[in-house]
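Below: one structure, written as structure tokens.
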Amino acid sequence: MCPVRSDPIHRFHPLPLDHFDRLPDSLLLLIFDKIGDVKALGRCCLVSRRFHSLVPQVDNVLVRVDCVISDDDSSPSSSSSDKSSPAGPFSNLLRLVFGGIVKPLQALGQFLGPKRSLLNETLNAPSSSSSVGRGADGDDPEMGQAGVTHHSPTQVLRNFNEIRFLRIELPSGELGIDDGVLLKWRADFGSTLDNCIILGAASVINDVLSQVSEYGNDGFCSNHCITGNGDDNGSIPESFYTNGGLKLRVVWTISSLIAASARHYLLQPIIAEHRTLDTLVLTDADGQGVLRMNRDQLEELRVKPLSASSASKRTQVPALNMRLWYAPHLELPNGLVLKGATLVAIRPSEQSASRKEVSDASWLSTAFEEPYGTAAKMLIKRRTYCLEMNSF
């Protein structure tokens, strides 16, 4: 029977039926898993006591970082942006202030570092700010100007008990690169670096008209072009060594490794607290870098302490073996043209010596989304150059 209510003249009417009450918990959890976004899940917590009790049980969570404020960025202009940030129990997550390459890496430590847990209080404080930072002049690090509360992803995620798939997305990549330059990397970590793949290009051309000057009327490229398997032996031209091309690729490689090792180091508290994790991905909205860890790698980090770099808050990069492929001009099937296309595949020296190398095709084919996955496949068909790098 439906519940009833009475009006002032003592007539009885059935109460409206809440159809959500008819859904089993398992189906609601499936819906919440599809939502994923931690801010949206926070708002769901406010709908009812039932939702509030179910949300912590979801196993698929996405944390989009809005802002990171480093320790040395406490100017009024930075704090004033908090006033306009969206409200909500889970929207107290972050705003990002980047400046160069070093400062973002310091800022990452600020937003992922452990702090006093105020999440329970925050669930009933919709005026909290979605930013992370530290007050100036000895203020409470949890409080900004006008009493605005700040929280880190580490704190917010403590409200979840059964996370299996966690994705954290930064608003942009840490590496400042010039417009038109392509730089993407993907790194897998356990307690230390397992492998890293870097794809770069000095410029990317996507306008067919801009290529006319390089092609004659007969359709042949007037410069050194590579299409498909290429028409040369894959050798790196001498100009690559003399015009700063090699130096630039070394900078790309070291910068990408520093960014990856800094992300890895700062994920420690999250990994330690969430032992149900099967997959952890830390990426950015620009698609510049992706750090991935599977269940075995996560467990390896828990049982085997990582080696920290003495110079900064990042995981120490071990001695490395690197393979490099280069094409001065790489034309992809979709018409995209990469000038100075470079692919670098990196593994620790110990790992390379202790086990048989996985074939380049199987290892690199899934490293990047299209069309860059195709670029990687085309590059590895060219001549391979081997390099070594000491630990740093």
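Note that Cβ sites are derived from N, Cα and C of the backbone, with glycine treated the same way.
Positions annotated as domain 'F-box' by TrEMBL: 17-65. Marked as compositional bias 'Polar residues' by TrEMBL: 123-132. If you look up TrEMBL, you'll see 123-151 marked as region 'Disordered'.
Averaged over the domain 'F-box' (17-65), the predicted model has a pLDDT of 90. For the domain 'F-box' (17-65), residue counts in helix, strand and coil come to 32 helix, 6 strand, 11 coil, using DSSP.
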